[in-house]
Amino acid sequence: MLFKQQALLRQKLFVLGSLAIGSLLYLVARVGSLDRLQPLCPIDGRFGPRSQDEIPVRALQFKRGLLHEFRKGNATKEQIRLHNLVQQLPKAIIIGVRKGGTRALLEMLNLHPAVVKASQEIHFFDNDENYAKGIEWYRKKMPFSYPHQITIEKSPAYFITEEVPERIYKMNSSIKLLIIVREPTTRAISDYTQVLEGKERKNKTYYKFEKLAIDPNTCEVNTKYKAVRTSIYTKHLERWLKYFPIEQFHIVDGDRLITEPLPELQLVEKFLNLPPRISQYNLYFNATRGFYCLRFNIVFNKCLAGSKGRIHPEVDTSVITKLRKFFHPFNQKFYQITGRTFNWP
Ligand code: A3P
C-alpha cells in the first residue's frame, strides 16, 4: 500500500516538474523573441512620411524567414505583392572604413527590426562599370523589405574613392552616412593582414608590413602605401564634406564596437532616428571566437565569419611608433571636424 502511494506521489511530482520546466522554456522563448516582436515606434520624418498602419506583429514574426526566402529569389510575384514587399534604395550607407568593422556594424544593425541589410557589398558608386548600369540596377540589388523599413548597404571602398561623394549626392543629398574607424595603425595592419592572407592562399610570397609602410630611401612613412593612405581619415572625410554637411555623418568607434558593441549601436539607432530595439540580449560574448556574436532569438544566433578577427602579424615596435607619430596630427584634425575624440596615441 505504502509502496503504491509513493509511486503515485513520484508520478505526480514528475508531471508537476515537467509542467514547470515546460513553462520555464516557454517563458525563455517568449522573452527571447519579445524584443523582435514588439510593434515598431514611428520612425522620424527624416526618413520620409511613415504610413499610418503599423507593421503587424505577425508580419514581424515571419520577417526573417520570409525576407530570407525572397532574398534567395524563391518568391513569386504574387507573394511579393501579397506581403507588400519592395526593394528600396538605401536610406543609410556604411561608406567605410575598410577593416574598421564594417561587416560587424552592418550585421549588428540588421538585428533591428526596422533595418534590412544588403548582404553583399554592391560597389555601385565606386565601380564605373556598375555605375554605368544606372540607379535601377542598384535598386534591384537591394533586398526586399516592408515599406516602413530602411535598407542599409556597406561598401567600404566608397570612403576612399574620389568619385563616390558626388555620385551618392546625386542619388540622395540627404542620405545618412556611417563611418566606422579604428586606431589608424591597427587598421593599417589589419588591412595588410587581409592582403597577406590572400597572397598566402595563392601560395604567393609577400613583403613584410615594415617594408611596405616605411620608405627604404627616406626611412619615413610611405604615404604611397594604400594601407597607410586609407588610415588618414581626415583627408578622405574632407572630400566628402564638399558635398555633405558633417551632420549627415555618424562616426562609429570600431575599437569599442569590438569590446562593448551595445552603446555604439545605440548611438547609431539614435542617429538613424530608429526606436531603440537592439538590446544586450541580442549580443553575447563568445569566448571561443573572442568576439561578440549576434542573437536574433532563442533559436537563431550567429558569429561573424572567421575572416573577421584575424591574428595580426607582429610588427616592429619602432615602425608602430613611427606610424602613430605620423597619424597623430591627422587624427587631431579628424577629432576637430567630427566632434568625436578617440584615445588614439
Ligand atoms: P581584424 O580582422 O583585424 O581583427 P571589416 O568588416 O570592415 O573588414 O572589419 C573587420 C574587423 O571587424 C576585424 O578586424 C575585427 O576586429 C572587427 N570586428 C568588430 N566586431 C567584430 C565581431 N563581433 N566579430 C568579428 N570581428 C569583429
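Cβ coordinates come from backbone N, Cα and C, glycine included.
TrEMBL does not curate its annotations; it predicts them automatically.
What TrEMBL says about this one:
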- Lys99: active site, for sulfotransferase activity (ACT_SITE)
- Lys99, Gly100, Gly101, Thr102, Arg103, Arg182, Ser190, Tyr292, Lys308, Gly309, Arg310, Ile311, His312: 3'-phosphoadenylyl sulfate binding site (BINDING)
- 90-334: domain 'Sulfotransferase' (DOMAIN)
- 12-29: transmembrane segment (TRANSMEM)
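Everything TrEMBL records as a feature, shown here on the structure.
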| residue | record | Cβ neighbours (10 Å) |
| --- | --- | --- |
| Lys99 | active site, for sulfotransferase activity | 26 |
| Gly101 | 3'-phosphoadenylyl sulfate binding site | 27 |
| Arg103 | 3'-phosphoadenylyl sulfate binding site | 19 |
| Ser190 | 3'-phosphoadenylyl sulfate binding site | 21 |
| Lys308 | 3'-phosphoadenylyl sulfate binding site | 17 |
| Arg310 | 3'-phosphoadenylyl sulfate binding site | 13 |
| His312 | 3'-phosphoadenylyl sulfate binding site | 12 |
Rounded to a whole number, what is the top Cα to Cα distance in Å among the residues the record ties to 3'-phosphoadenylyl sulfate, namely Lys99, Gly100, Gly101, Thr102, Arg103, Arg182, Ser190, Tyr292, Lys308, Gly309, Arg310, Ile311, His312?
19
Helix, strand or coil by DSSP: which one applies to Arg103 (3'-phosphoadenylyl sulfate binding site)?
helix
Any idea what DSSP makes of Ser190 (3'-phosphoadenylyl sulfate binding site), helix, strand or coil?
helix
State the Cα to Cα distance, in Å, between His312 (3'-phosphoadenylyl sulfate binding site) and Lys99 (active site, for sulfotransferase activity), rounded to an integer.
12
Could you state the CA-to-CA distance between Ser190 (3'-phosphoadenylyl sulfate binding site) and Lys99 (active site, for sulfotransferase activity) to the nearest Å?
6
Alpha-carbon spacing, Arg310 (3'-phosphoadenylyl sulfate binding site) to Lys99 (active site, for sulfotransferase activity), which is rounded to whole Å:
11
Coarse DSSP state, helix versus strand versus coil, of Lys308 (3'-phosphoadenylyl sulfate binding site):
coil
Give me the mean pLDDT over the domain 'Sulfotransferase' (90-334), rounded to a whole number.
97
